[in-house]
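Have a look at the structure below before the remarks.
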Amino acid sequence: MESSLELLQRTGHAARFGFATGEFSPESDAVLGATVVGLAALTGWNVYLKLRQHRLFANEGAPAPLLRAVRRVDEADSSLASEGRAAGPVLEWMDIADSTVLAQARTRVASSAASETGAKGGPGESFEERVLSSVAKAQAYGRDRSELSIIRSVVGLGTDLALVASGAMPAIWAAASQAVRAVMGPNDAGMLGDVARGVAFMGALSLVESVADWPLQLYSSFVVEQRHGFNRQTLALWAQDQLKSLAIGAAIGGPVVAGLVAILSVGGPRLPLYLWGGLATASVLGNLAYPLLIQPAFNTLEQLPAGPPRAAIEELAIAQGFSSKDIVVADGSLRSSHSNAFVIGLGPVQRITLFDSLLAHASLDETVAVVAHELGHWKLGHTLMLLGASLTQLGLMLGAYGAAAAYDELPQAAGFAAGEAPPIARLQLFLSLGLAPLTPVVGFAVALMTRTLEYQADAFAVDQGYAAPLSRALVKMSVENLSTPWVDPLYSAYFFSHPALVERLAAIEQRDARRASADVSPASPSSPSSRTGGAPDGGVLSRPCYRFEISADASRATECEVIVVVGHKADLASAFDKLSRLTDGTSALLTAMIADTPAPSAAPVVRETFMGSRYLPAYCVAVAKAFPMYSRKSGAGARASRRTAITLVPSGAGVTEEALDAVRSVCASARIAAALVDAPASELHTDAFVDIALKVAADSKATSTTVIRGVELRDRGFGGLWGVGKAATHLPALVVLEHRPAAAAADAPSICLVGKGIVYDTGGLSIKSKDGMPGMKRDMGGAAAVLGAFRTLSDDVSLTRPVYAILCLAENSVSDVAMRPDDILYMYSGKTVEVNNTDAEGRLVMADGAAYAAKHLNPGAIIDIATLTGAQGVATGRHFAALYTNNPTLESTVPAIGRATGELCHALPYCPEFFNAEFASAVADMKNSVADRANAQSSCAGQFVGAHIEPFVSTPGNSWLHVDMAYPSFVGARATGYGVALLAGVVRHLSAPAE
C-alpha cells in the first residue's frame, strides 16, 4: 500500500502541503471552483439572514403580543395571591427529601439567586416590570450570540474549504489506511480491511471537525453563556462531556459506518435502497437508544417524587392514553439554567423527562401545561411524522447519490485521483457538499414542518384547557432563557425549529378565542366534540324542531297552526286541548303546573272570568315548554316538526309591549335551557357547554366572563369540582358570567346564581344501575336554568344589583383516575370532605361554586339550583321544586313567585343543627352523603352546600336560597327548562327597591 506522501504526490495535492507539485484536470478544477463558490454563497446566505436578525437587537421594549401575555400572567398571579394560593415555582415548595437531583438543583438555584437573571425580580415587582427590565438583557445576550453565530458561519466555511481545497481528505484517508495497515498487517485486505479503513477515515474526519469547533464551543460556554449567567459547568466537566461525545460517537457511529462500508461494497442498482435501509434502521435504533443509553451518560435521571406534580402529570398522561409512568427529572441545571421538558413515545420506549431547571422556574399548572404541549406531540403522532420526514429526505438524498455516484469530478476536486476515492468518501462528499445548493430549500421546508407541528402541539394543550398556563410558561421560560422578543420573520422561518415567542402567543390567544366564540361550534372539526359524535348540524341549539312567536297582533298568526289567546279560561281550554293533540299530551302535563288556577279542561267555565295579564308569563312559558327546540329526528318527521309554529295573542287590557318583551325573553330562554337539558353528553360535554355559555354571554353583552377549567381548577383549590370531573375526557370547568346593570351602585351587593352542571352522571365508582343511569344527561338542568335566567335578566333595565351566573360543569365519569370512596377532597371553602358516595357529586361541585361566589363576588344573595336528589320527588312531588333557605321571607315569597311564573315550588324544613350531624366524619371535616337516609335527605343535601358558605349564611342580612328541581326538570322524555322563569322572578324581587 502506498504511503500518505506517495498518495499526495500521485493525486497532485502534495504541493499544497509543500511536498511536490501536481496537476488537476480541467473538469475537477471547475468542480472545485463551483464547490468553493457554492459554499461561499451558502455561507453568505446564512450570514445575510443573521445580519437581518442582528439589527433587531437594537430594539427596545417588548412587542404588543408579549405584553398582553405578560399582563395575563400578572392577572393570574394576582388572582392566586388573592385566594391565598402561591403561584411559585414547583421546586420551591415540593417535597424533595427523596430526590438527590432536585435537592442539588435547589441548592444551585439558591446559590445563584442573587446573580441569576430572569423572571424572579425584586419584592413587589410585577411580572410586566420584570419582563421589561429583562428585555435589555435579552437583547444583549442575543447580540452576543448573533455575533458568535456569524463567526461560526465564517469559520465553518473556512473549515469546509480547507477540507476540500487543501486535499486534506485524501491525506486523512491515507493516514487512516496506514493506521489500519499498522494494526492489521497483511490482513487488511478484503472486506474486513475496507470496513476498518472506512471506520478509521470517518472517525478521523469527525475528530478533525470536532476539534476545529472546540475553540468556539469554549468561547460560547465560558464567555458568552458565562457573561449572561447561564453557564454552570466547569472546564473539567466540559472536557469530560467532549470525551463522552467522542466515545458515544465512536460506539454508535462505528457500527453504522461499518455497515455503510459493507453495503457500499455490494454496489449495484439497488445500492441507494440498501443504504437507506441501513441508515433508517440506525436512525430508529438511535431514537430508541437515546433515553436508555445516551441521555443517562450526560444527565443523572431520577423518578419525579410522589406529590402534586407527579399526580397531575400522571392524570394528564393517562387521560391522553400515555400509559407509561416513567416520569423522570434530569439534572439539566448542572450545566445550564435553560429550561426544558420532552416526551419520548416511540414503540416500547415511553418516558416523560423534566429538566430540574423547568421546575425551578415554573409553577405547577405551568409545568403541567408544558407537559401537555409535549404530550401533544406524542398524541398527534409528531414523533413518527418527523421520523418519517427524516427518512423520506434521506431516501431522496441517497436516490440522488445513486444517480451521481458514477461521476468522479467531486472526489477529484477534493483531491482524490480519478477512480481512487473510496466509496465511503464519495458518499460523504456528496451528502455534505454535493447537495449544498439545496440546503436553503431543505432548511425552509424542515423549519416549516417543525413550526407547524409546534403550533399543533400548542393548540392541543389549549384544547385541554391550558391556554393561560401555557402562555405563562412560555413567557417565563423566554424571560429565564433571555430569548429575544424581536425576531426577523425570514430569519425565524429558516433557522427556528419553533415559532418565535410572539408568534406562539398570538396563535395561542387566537385558538383560545376561537374555542370561546360562536365560530367554534360543539361539532366543528377543531372542537373536542368531533371526536365523540357531535351534532352534525352545528350544535345543540341549531335546527329547532319548532318555531315559536308571541304577538299581540292576531293578524300575524295567519300562517301558524296554533293561536293561543290568553284571556278567558274557555279560550285557554280550547287552545290547550289543541296543543295536547299536537304534542301527544305533553302540554297537558306542562300546563297542569301553571298559576294557582284549575288546570284547563273541556269542562264548562264561566267565560266572564277574565284572567288579565297577571299570569301572562305562566301561561306563555307553559305553552313555550310544549314546543321544544332540540331534535335529532331525521326524514319526514323532522320536516313536519319544523313547519309547526305557534302564536300567543294576549287579550284584555294591561298587556303592554314591554310586558310582552319580558315574556318573549323568558320563553326563549326557557326553551334554550330545555334544549340544553335534552341534548346528550356526546354533544353537550363540558367544553361545548363552556362554548355555549360564552356565546350567550357575548350576545347578552355580559360585563365580564371568567372560565377556570381543567387542572387550573385543581391548582386553585376547587377540590370538589375537580374531583368529580377529572375522570372524564372533557375536563370540568367553572364559568362565571357577570351582568352589572347601569343602575347598580358600585358597592351594591350582588345576586349570585349557582347552577349544577353535571353533563352526565354515571354515579362514578358508586355506579348507577342500568335502569338508573338513562336520563342522567339531565343532571345539568340547574346550570341550564342559571344560563337561561342570566340571558333573560341581561335584558332587564330595571335591575339595581349586579347579577352573576356561576356554572359548575363536570361529567361524573369512571376511569382509573376517578374519585374514589374514602378519598378526601380539599374544597374551595377550605373544608375537607371524605367521600362516602361518589354518586352524591352534585353537592360537591355546588359547594365549590357557592364558595367562590361567597369569597369573590360580594354577594348579598346566593341562589343555587340543582337536580340534586331523588328524595326531592318524595318530599315535594313531580311538579313542585323544593326550597331550602335561611331567609323566612324568601321561604314564603318564592312559592308565590313560582305560581306567578308557572314554576311551582314549596319550602323544605330549614334546621341546620338537625342536619349537620348527618355528615360527621372521623378523618375529615365532613362526609359528602348522609348517615341516615330517612332524615330529610333533600334538606340535608342543601345543608351540605350551606356548610361551605357558613360565614355568609350566618351573617345578618345575607340571603341564601337552595332550589332542588330534580323532578320538575322533566316530563316524560322531555326537559321543561324549569328554573329560568323562577330565577328571573326571584332576582327581580330581590333587586326591587325596598318598599
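Note that Cβ sites are derived from N, Cα and C of the backbone, with glycine treated the same way.
According to TrEMBL, the protein has these features:
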{"type": "ACT_SITE", "residues": "E374", "note": "active site"}
{"type": "ACT_SITE", "residues": "D458", "note": "active site, proton donor"}
{"type": "BINDING", "residues": "H373, H377, E454", "note": "Zn(2+) binding site"}
{"type": "COMPBIAS", "residues": "518-531", "note": "compositional bias 'Low complexity'"}
{"type": "DOMAIN", "residues": "837-844", "note": "domain 'Cytosol aminopeptidase'"}
{"type": "REGION", "residues": "516-538", "note": "region 'Disordered'"}
{"type": "TRANSMEM", "residues": "30-49", "note": "transmembrane segment"}
{"type": "TRANSMEM", "residues": "246-267", "note": "transmembrane segment"}
{"type": "TRANSMEM", "residues": "273-293", "note": "transmembrane segment"}
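Annotated features taken from TrEMBL, shown on the structure.
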residue	record	contacts (Cβ under 8 Å, 6+ apart)
H373	Zn(2+) binding site	A457, D458, F460, A461, Y466, L470
E374	active site	A341, F342, V343, I352, A457
H377	Zn(2+) binding site	V343, T383, L453, A457
E454	Zn(2+) binding site	S497, H498, P499, R504
Residue numbers, six or more beyond the limits of the transmembrane segment (273-293), whose CB comes under 8 Å of its CB atoms | 252, 256, 259-260, 263-264, 266, 344, 346-347, 349, 351, 353, 383, 387, 390-391, 394-395, 398, 401, 427
Mean pLDDT over the domain 'Cytosol aminopeptidase' (837-844): what is the value?
-> 96
Per-state residue totals over the domain 'Cytosol aminopeptidase' (837-844) - DSSP helix, strand, coil = 3 helix, 0 strand, 5 coil
Identify all same-chain residues not among H373, H377, E454 whose C-beta atom falls within 8 angstroms of the centroid of the Zn(2+) site's C-beta atoms; report them in sequence order.
-> E374, G376, H382, L453, Q456, A457, D458, F460, A461
